[in-house]
Amino acid sequence: MDIDHGRESDGEMVGTIASCGLLLHSLLAGLGRRAAGFARKVGGAAREDPRRVAHSLKVGLALALVSVVYFVTPLFNGLGVSAIWAVLTVVVVMEYTVGATLSKGLNRALATLVAGCIAVGAHQLAELAERCGDQGEPIVLTVLVFFVASAATFLRFIPEIKAKYDYGVTIFILTFGLVAVSSYRVEELIQLAHQRFYTIAVGVFICLCTTVFLFPVWAGEDVHKLASGNLDKLAQFIEGMEFNCFGENSVANNFGGKDSPQMHKSVLNSKATEDSLCTFAKWEPRHGQFRFRHPWSQYQKLGTLCRQCASSMEALASYVITTSKTQCPAAANPELSCKVRKTCGEMSLHSSKVLRDLAMATRTMTVPSPVNITMATAVKAAESLRSELAENTALLQVMHVAVTATLLADLVDRVKEIAECVDVLARLAHFKNPEDTKNVVVSTVSRGIDEPLPDVVIL
């Protein structure tokens, strides 16, 4: 019996060890899969935008440089323990784009300077009140902190200040409260204010140097690429609509499937990115083809029109997908149906061509080629189609075709507004004239110059 009992105990122990081994193996396998998945995400983020790797290295370099202020004894003796503020400044100010770093850096430096001056003035006023009694100074400081913090916080609700100076107002409240409250216990208040400002100035200077001079990422270039990319996406949708719904061998059921263009949906979600990039671009100095007072607000207007156009596309796509999945009655007037189909194809073709031309002109910063003929053809087709549908008595029997045509005609109107907006942008931003560019190339070739040609684009 003892032998059998011992064998049973050994068997249970072996089973327990085997279960633990399987559990450990599954845990290690799961950990390995998660690590591999995380590595793929890291690699994907780096491949999607290699500038992210450069930015990460720049942040590390900036922190390494600002650490010298804390590690070198002469510098540390000059700034004291406040030198740590330089390190904190680099951490909170360093941003991905030059404009964002300039915005936060200048906001932080200016807010610290103004708040320090006001806090020193508050301390002087509190010292005068101390003559009236021993508790006069803390009471005055408390009242001043209350009113200044309340007023500054209320300013953050103003849209203009919220958009550009929200971070600066926050730093103002922090610095004023820190210096004003510390003035009651610290004797060398002026020295404290100086040290805080100098350390923040050092941190901001290092951030700006590493951001501007080492592989800079300009918000202006990003918003410019975003605008031209959105135009390309809209053109891609209309081309897909023309091919799948109004072409000679089109099958409407194919539209809305996995292979149908859906890029217009990303245009609808681009407002937040576009607004932030435009705000940061206004802080950036002149660079490349972007002048000092470049019309960044016009990019926001163009983005608004693109999103309105994308909304019309979304309505059109939803209706086409819905009608393709339902049984629609046969048209009583095949001739009208054929005419509507042909006209819709013409509107789609001309609209996509206009958007492609506008995208190329925006991307290369050249004056758009005259789109009056192409746009006029699309508008004329839309107007004639509206008149035809309004006068036809068999409209109810081709209602699904009529609705599609009406939505597409509205889409043509949106494209026309986009074309007008790009023309205004080209005029305000002083886009290059393609004819002047062409003349430069012809003149260079005619003189037989073997030097490299300038970076020009012939449209």
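Placed from the backbone N, Cα and C atoms, the Cβ positions cover glycine too.
Remember, predicted model here, so these are calculated numbers, not experimental data.
The topological domain 'Extracellular' annotation in Swiss-Prot covers 1-52 (among others), and the record cites experimental evidence as its basis.
Per DSSP, the topological domain 'Extracellular' (95-108) is made up of 11 helix, 0 strand, 3 coil. Positions annotated as topological domain 'Extracellular' by Swiss-Prot, on the basis of experimental evidence: 95-108 (among others).
Annotation source Swiss-Prot lists topological domain 'Cytoplasmic' at 130-137 (among others), citing experimental evidence.
Positions annotated as topological domain 'Cytoplasmic' by Swiss-Prot, on the basis of experimental evidence: 182-199 (among others). With a cut-off of 8 Å between Cβ atoms, the residues of this chain six or more beyond the topological domain 'Cytoplasmic' (182-199) that come close are 69, 79-80, 82-86, 89, 109, 112-113, 116-117, 119-120, 122-123, 126, 137-138, 141, 175.
Sequence annotations record features per position, and here Swiss-Prot assigns topological domain 'Extracellular' to 221-459 (among others).
Long-range Cβ contacts of the transmembrane segment (53-73) within its own chain (Cβ-Cβ under 8 Å, at least 6 residues beyond either end) map to 46, 79, 83-84, 86-87, 89-91, 94, 96, 199, 202-203, 206-207, 210-211, 214-215, 217. Swiss-Prot lists 53-73 (among others) with the feature transmembrane segment.
The transmembrane segment annotation in Swiss-Prot covers 74-94 (among others).
Long-range contacts of the transmembrane segment (109-129) within the same chain, counting only residues at least 6 positions beyond its ends with a Cβ under 8 Å from a Cβ of the stretch, are 136-141, 144-145, 148, 168-176, 178-180, 183-184, 189-190, 193, 196-197, 200-201, 204. Summarising the annotation, Swiss-Prot assigns transmembrane segment to 109-129 (among others) and lists sequence analysis as the type of evidence.
Annotation source Swiss-Prot lists transmembrane segment at 138-158 (among others), citing sequence analysis.
Swiss-Prot lists 161-181 (among others) with the feature transmembrane segment. The list of residues near the transmembrane segment (161-181) in space but at least 6 beyond its ends in sequence, with Cβ under 8 angstroms from a Cβ of it, reads 103-104, 106-108, 110-112, 114-116, 118-120, 122-123, 141, 144-145, 148-149, 152-153, 155, 189, 192-193, 196, 279, 282.
According to Swiss-Prot, the transmembrane segment annotation covers 200-220 (among others), on the basis of sequence analysis. Sequence-distant contacts of the transmembrane segment (200-220), counting only residues of its own chain at least 6 positions beyond either end whose CB sits under 8 Å from a CB of the stretch, comprise 51, 54-55, 58, 61-62, 65-66, 69, 85-90, 93-102, 105-106, 108-109, 112, 277-278, 280-281, 284, 287-288, 290, 294, 296.
Long-range neighbours of the topological domain 'Extracellular' (95-108) within the same chain, counting only residues 6 or more positions beyond its ends whose Cβ lies under 8 Å from a Cβ of the stretch, are 51-52, 55, 89, 164-165, 167-168, 171, 200, 204, 207-208, 211-212, 216-220, 222, 277, 279-284.
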